[in-house]
């Protein structure tokens with residue numbers, strides 16, 4: 001973004017600014033808008049599922065459409081809602097927390113977002129083009145190979161494109177944290193949200209290739225006549241399950257670790273205490289990531305891997321409860337004896353602790369391979385993973401949004417609406433999912449379109465659906481809150497919560513170059529140290545000088561658009577050869593954009609020292 | 001890392017040693033490649049023996065590549081080393097599991 005572009009008025013210029021931006025703060029806005037859109041979409045799909053199950057033998061939607069609903073609900077929520085919302089928070093906050101002016105590769109940051117967005121749109125185009133994917137978000141073979149519509153093709157190409165975007169984002173964050181920490185910001189002085197961003201990015205780097213490989217194999221089986229998963233031709237359909245879960249289990253830690261990071265920022269700030277057991281928290285995070293790669297087969301206990309494999313994976317899975325428990329106790333100990341402020345962000349953090357602990361407890365139950373034969377593919381599993389993903393990740397996202405909203409948008413979200421929203425969501429969430437544990441134990445299988453009357457499932461399902469409505473109302477209140485805040489919200493000072501970390505040392509929203517002078521970090525919670533020393537602001541680590549900034553570029557958008565077009569080509573070339581044209585055109589756009597990027601030198605621009613001096617502090 | 005404008009004798013000495021190491025590694029790698037090719041071409045060994053031997057030769061070459069040509073032995077490369085070994089760990093785990101549970 002150049003200064004001239006920022007000063008242009010009008011909607012066109014505004015739109016162009018966002019399409020070409022490489023500023024991490026604006027890309028964060030884009031991620032939040034994109035992720036928020038898909039969150040609403042996934043929420044609507046959840047509503048349809050629950051309305052279908054409100055009464056026995058209901059026929060609100062047809063069986064086929066129901067399959068598409070739960071498939072797209074899972075896929076959308078995991079890949080297109082939760083992850084982008086977290087990436088949005090990371091983008092907005094992590095560079096500020098480590099005292100950097102931007103991420104290491106601003107261009108790639110933008111490319112990562114647009115790939116995600118176009119992948120998500122491609123996936124959702126399937127609704128209008130003959131049917132969405134319908135074999136579950138796990139797309140188990142051979143079901144997914146046999147699925148007759150183009151739905152699974154959209155799943156494969158959509159996830160491939162958005163997955164590439166996520167991978168790019170992960171690598172970008174890794175390099176940023178390794179190379180761009182402010183002077184004095186050692187690893188063990190990094191705020192915990194930056195730490196979890198770092199560990200999460202490592203997980204993305206190592207886990208996503210397994211998904212990429214799996215998706216390519218599935219793509220070749222469906223489109224080009226290979227037989228990786230076809231048992232009749234010597235393939236093996238269990239390989240898909242392995243590849244998917246080698247990715248899929250780290251994926252759930254990719255979701256939860258950033259949420260842990262958010263709580264580790266929110267709880268100390270509103271308890272007015274430094275995080276209890278910081279070092280233990282860091283190592284617990286790393287340990288969870290490490291163990292996360294050795295537990296994937298606990299999703300496959302009933303496949304028939306044999307008692308030895310099942311036992312190994314069961315024990316490894318139970319071991320994860322240890323670092324997670326360390327974290328829970330550290331948060332409790334942080335609050336112990338603190339001067340606690342209860343506002344919306346803190347409420348979400350407080351609601352998270354019991355909710356997530358219930359999810360963790362059922363997790364240990366599921367980890368027992370023997371007992372799992374009873375729970376497998378029942379609503380007990382559904383209840384478990386919604387307790388950890390909604391009670392952990394979604395609560396974390398809401399806490400983070402409330403906490404950093406003033407930092408990102410320069411307005412404080414309305415507290416009253418925030419608290420009403422929290423309580424409605426909290427009650428609705430437990431109403432929806434707690435009863436599902438018992439539905440599962442009574443034998444209700446997941447992914448079933450209807451259930452029969454008088455089997456003891458009627459009341460439970462009815463209660464569950466009512467809870468969903470409360471969550472929907474709460475989400476609507478949050479949207480109203482956003483609009484209300486944008487119109488009438490109070491404008492905060494730079495540091496409305498008496499914060500501890502570097503992001504609160506600069507104005508809200510931050511200037512586009514973040515730090516006029518890079519700050520000197522003297523310890524953990526650097527801003528708090530300066531406050532306690534009576535100084536109240538950071539000591540600069542460098543004299544005021546020119547700041548080097550990257551230029552904006554439309555190329556990431558063009559590249560992603562190219563892959564999007566080529567995606568359609570790949571999907572439909574099985575129907576008619578003419579669709580190969582779309583592949584050539586799409587890849588032409590994408591590769592052409594890459595060529596331009598490679599050949600055209602773009603050294604960015606400098607903000608001169610005089611210009612920085614003119615800006616008020 | 002190397003300051004080109006200020007090459008003192010110490011630096012020169014170091015560069016010389018570095019060059020020597022590079023050349024030795026290069027020669028060794030060529031040697032290993034020739035050995036590997038000739039094992040296969042001449043059918044000199046039993047398959048049971050040749051395959052593990054080729055794998056070991058390949059592993060050594062990968063080590064040379066990383067540590068000498070890509071300078072992982074030098075200071076300031078701890079981080080890339082950690083990430084590479086992390087990736088190797090994740091990949092080996094995948095392969096080991098697929099071999100042990102799916103194909104065995």
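Cβ atoms are placed via backbone N, Cα and C, with glycine included.
Features of the protein shown, as given by TrEMBL:
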type	residues	note
DOMAIN	A:10-522	domain 'Cytochrome oxidase subunit I profile'
TRANSMEM	A:30-49	transmembrane segment
TRANSMEM	A:69-90	transmembrane segment
TRANSMEM	A:152-180	transmembrane segment
TRANSMEM	A:192-219	transmembrane segment
TRANSMEM	A:239-263	transmembrane segment
TRANSMEM	A:275-296	transmembrane segment
TRANSMEM	A:308-333	transmembrane segment
TRANSMEM	A:345-367	transmembrane segment
TRANSMEM	A:379-401	transmembrane segment
TRANSMEM	A:422-442	transmembrane segment
TRANSMEM	A:462-484	transmembrane segment
TRANSMEM	A:578-596	transmembrane segment
Beyond the flanks of the transmembrane segment (A:275-296) by 6 or more, those residues with Cβ under 8 Å of it: 188, 192, 195-196, 199-200, 202-203, 206-207, 242, 245-246, 248-250, 252-253, 257, 260, 264, 267-268, 313, 316-317, 319-320, 322-324, 326-327, 330-331, 333-334, 336, 524
Paired segments the transmembrane segment (A:379-401) and the transmembrane segment (A:192-219) in contact, 3+ CB pairs under 8 A: no
Distal contacts, the transmembrane segment (A:69-90) - CB-CB under 8 A, six or more residues away: 28-32, 34-36, 38-39, 41-42, 45-46, 48-49, 52, 61, 112, 116, 119-120, 123-124, 127, 132-139, 151, 155, 159, 162-163, 166, 169, 173, 193, 197, 200, 251, 254-255, 258-259, 262, 389, 393-394, 396-397, 400-401, 404, 447
Positions whose Cβ lies under 8 angstroms from the transmembrane segment (A:578-596), at least six residues beyond its ends: 555, 558-572
